[in-house]
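Asker: Shown below is the structure under consideration.
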Amino acid sequence: MKRLWQHCHAATLKGGKYSIVEDAALVTDGPLIHWIGPRAELPPDDYAERIDLDGAWLTPGLIDCHTHAVFGGNRSGEFEQRLEGVSYAEIAAAGGGIASTVRATREASEEELLASARKRLDPLLRDGVTALEIKSGYGLDLASERKMLRVIRRLGERLPATVRSTCLAAHALPPEYAGRADDYIEHICSTMLPALAGEGLVDAVDAFCEHLAFSPAQVERVFIAARELGLPVKLHAEQLSSLHGSSLAARYRALSADHLEYMTEDDARSMGEAGTVAVLLPGAFYLLRETQLPPIDALRRHGVAMAIASDLNPGTSPALSLRLMLNMACTLFRLTPEEALAGVTLHAARALGLEARHGSLEVGKLADFVAWDIERPAELAYWLGGDLPKRVIRHAEEVYRG
């Protein structure tokens with residue numbers, strides 16, 4: 001069934017560029033975009049429905065390409081500790097941080113995790129998100145990682161959004177493997193990944209490359225295991241120090257390397273040559289009160305696509321608005337509003353391997369878009385908080401209006 005969506009303007013991101021169509025029209029046929037362009041050039045057709053968008057601005061549906069939305073427990077107490085001057089590393093060394101969430105997640109039932117994640121994700125969906133990634137990594141044993149990944153798959157069946165599932169078993173060292181990091185990495189590679197991938201629960205594999213997590217050599221073993229299973233890889237890299245994890249990710253043609261505050265010029269060059277997306281996470285930068293900025297100019301020089309994500313997690317970025325991350329990326333990291341919009345649409349799609357069907361308004365792609373009641377697209381990065389009036393469309397069907 002063909003629908004005509006008209007009386008609107010569009011920021012299409014067509015062809016990987018920030019492109020504007022004034023007085024636009026968009027035609028959908030089933031769940032796909034059939035035509036988009038200036039309304040004056042609209043070909044005649046027999047449309048089953050004509051929808052007046054009242055001068056709204058259309059953008060591709062927003063994509064949150066890095067979240068940890070499934071977890072048990074609450075770490076607001078650590079927020080208070082950090083305000084008193086305790087560092088992230090000190091909290092982790094005392095048994096807090098990821099370890100405390102692991103305990104709570106292991107104790108929670110699948111139904112409890114499903115219900116709590118749904119509550120967290122509803123604000124993101126109302127914010128215009130039509131696709132997102134959710135990582136495991138708070139289970140750190142086979143049964144608990146399986147539980148998390150099953151919840152992620154169930155969320156994908158229930159939410160009006162495309163959900164990608166990433167296995168982050170190499171997130172931290174579980175207590176039962178204290179002092180035996182190499183043994184745990186071997187367990188991930190020989191047992192956990194084959195089992196979880198064999199059950200169809202994994203779309204990609206991630207790891208945390210940092211002094212308080214895993215070394216580049218250990219991460220590489222995980223990447224090799226993922227490659228043998230035919231799974232793409234991603235990496236938390238250069239958040240707190242420079243271990244050149246982003247260059248390692250580039251060598252394995254990773255979909256993305258994320259955080260990147262301490263990456264070097266050579267790291268940026270490697271990522272640009274490999275086509276690995278840089279995922280910027282300003283929420284964690286802000287909450288941890290970091291001062292080392294990601295090298296945005298180096299990323300630009302080497303043509304590295306920059307995505308932006310919420311990093312929704314209980315410890316370092318309890319962020320429930322992807323649109324707020326646009327403002328943070330512009331204000332803290334000095335991205336332009338155009339770069340920020342591309343970062344939560346086209347480049348975010350690339351960071352998840354979804355760019356063939358998501359991330360821009362082009363013929364043949366899924367009709368996932370948002371109709372915003374704004375005067376110009378830069379307002380998406382300008383307004384702080386609130387729920388901008390909008391209509392969220394997924395697969396050519398309205399899923400939210402507010």
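Numbers here mean position along the shown chain, with the first residue as 1.
Glycine is treated like the rest: Cβ placed from N, Cα and C.
I grabbed these lines from Swiss-Prot:
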{"type": "BINDING", "residues": "His66, His68, His236, Asp311", "note": "Zn(2+) binding site"}
{"type": "BINDING", "residues": "His66, His68, His236, Asp311", "note": "Fe(3+) binding site"}
{"type": "BINDING", "residues": "Arg75, Tyr138, His171, Gln239, Thr316", "note": "4-imidazolone-5-propanoate binding site"}
{"type": "BINDING", "residues": "Tyr138, Asn313, Gly315", "note": "N-formimidoyl-L-glutamate binding site"}
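For the listed features, I'd like the structural context: burial, neighbours, distances.
Answerer: Packing around His66 (Zn(2+) binding site) is summarised by its Cβ count: 31 other Cβ atoms lie within 10 angstroms of its Cβ, all protein chains included.
All chains included, 30 other C-beta atoms sit within 10 angstroms of the C-beta of His236 (Zn(2+) binding site). The secondary structure of His236 (Zn(2+) binding site), as reduced to three states from DSSP, is extended strand.
Neighbour list (Gln239 (4-imidazolone-5-propanoate binding site), Cβ cut-off 8 Å, at least 6 residues apart, same chain): Glu210, His259, Leu260, Glu261, Tyr262, Ala284.
Cβ neighbour count for Asn313 (N-formimidoyl-L-glutamate binding site): 25 (other Cβ atoms within 10 Å of its Cβ, all protein chains included).
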Asker: If I restrict to non-local contacts, at least six residues apart, and a C-beta distance under 8 angstroms, what lies near Thr316 (4-imidazolone-5-propanoate binding site) in its own chain?
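Answerer: In sequence order, Tyr88, Gly283, Ala284, Leu287, Leu288 meet the Cβ cut-off.
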Asker: Identify, among the binding-site residues His68, Arg75, His171, the residue whose Cβ has the fewest other Cβ atoms within 10 Å in this structure.
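Answerer: Among the binding-site residues His68, Arg75, His171, the lowest count of other Cβ atoms within 10 Å belongs to Arg75.
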Asker: Using all protein chains shown, find which of the binding-site residues Tyr138, Asp311, Gly315 scores highest when you count other CB atoms within 10 A of its CB.
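Answerer: The largest 10 Å Cβ neighbour count belongs to Tyr138.
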Asker: Given the binding-site residues Arg75, Tyr138, His171, Asn313, Gly315, which one's Cα is the least distant from that of His66 (Zn(2+) binding site)?
Answerer: Asn313
Asker: Can you figure out which of His68, Arg75, His236 (the binding-site residues) comes closest in space to Asn313 (N-formimidoyl-L-glutamate binding site), comparing Cα atoms?
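Answerer: Closest recorded candidate to Asn313 (N-formimidoyl-L-glutamate binding site) by Cα: His68.
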Asker: Filter the binding-site residues Arg75, Tyr138, His171, His236 down to those whose C-alpha lies within 10 angstroms of the C-alpha of Gly315 (N-formimidoyl-L-glutamate binding site); answer none if the list is empty.
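Answerer: So the list is Arg75.
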Asker: Could you check which of the binding-site residues (Arg75, Tyr138, His171) sits closest to His236 (Zn(2+) binding site), going Cα to Cα?
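Answerer: Among Arg75, Tyr138, His171, His171.
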